[in-house]
Amino acid sequence: MFKKLDPSPKWIVYDNNPVMHKPIEDVVFPLTKEDEHVISQMLSYVDASYEGEADKYDIRAGIGIAAIQLGCPKKIIYIHLDDKNGEHKYLMANPKIIKESTSKMYLKNGEGCLSVKKDHKGLSIRKSIVWVKGIDLFTNKEIEVKATDLLAACFQHEVDHNNNKFYYNRINESDPYYVEKNWEEI
């Protein structure tokens, strides 16, 4: 169903492209051939990054991607990362954050994005814990994931793409490095 491809930097659509600001559609099943091709690209791109092969393919390394970043306006995300809790690998259709903590966090080095050429300085403030529901495209079953730390930030980042938002939209414009004492640094 999904094919391993050689990832290309030409696949990535940037934030200044009007496609990135159009409404994103829910995925309807069964998947189309186009859906399967885009998912193959998503898996190939992020897995090459995960396996340390970004330089080999001259791509910018990433831990997550949304279908819209490849020009496909459908709610599909793929995350593949390691953190203190181990390896995480999620390919989801129609992901939705259904619950979130009141506590907040930020990544101490800030965030980046495959679709943003010029990095924006500052801290993207995120919820510390999120519960995400969607269709697991590896099993074709609905799942609910409780995510914390880097995984929570990544889910929020990718779901933001489905709402035409970027990490820099979460940076305080007047004080980009503003934090409160009770916010957790990741």
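Cβ coordinates are placed from backbone N, Cα and C, and glycine is handled just like the others.
What Swiss-Prot records for the Fe cation site is His157, His161, and among Cys72, Cys113 the residue it adds there is Cys113. Note: the Fe cation site is recorded as Cys113, His157, His161; in the same chain, Gly64, Ala66, Gln69, Glu111, Leu114, Ser115, Glu158, Asp160, Lys165, Phe166, Tyr167 also have Cβ atoms within 8 Å of that site's Cβ centroid. Cys113 (Fe cation binding site) and Glu158 (active site) are 10 Å apart (CA-CA, integer value).
Taking all protein chains in view, 24 other C-beta atoms sit within 10 angstroms of the C-beta of His157 (Fe cation binding site).
His161 (Fe cation binding site) counts 24 other C-beta atoms within 10 Å of its own C-beta, drawing on all protein chains shown. In sequence order, Asp15, His157, Phe166, Tyr167 make up the list of same-chain residues 6 or more apart from Cys113 (Fe cation binding site) whose Cβ falls under 8 Å from its Cβ.
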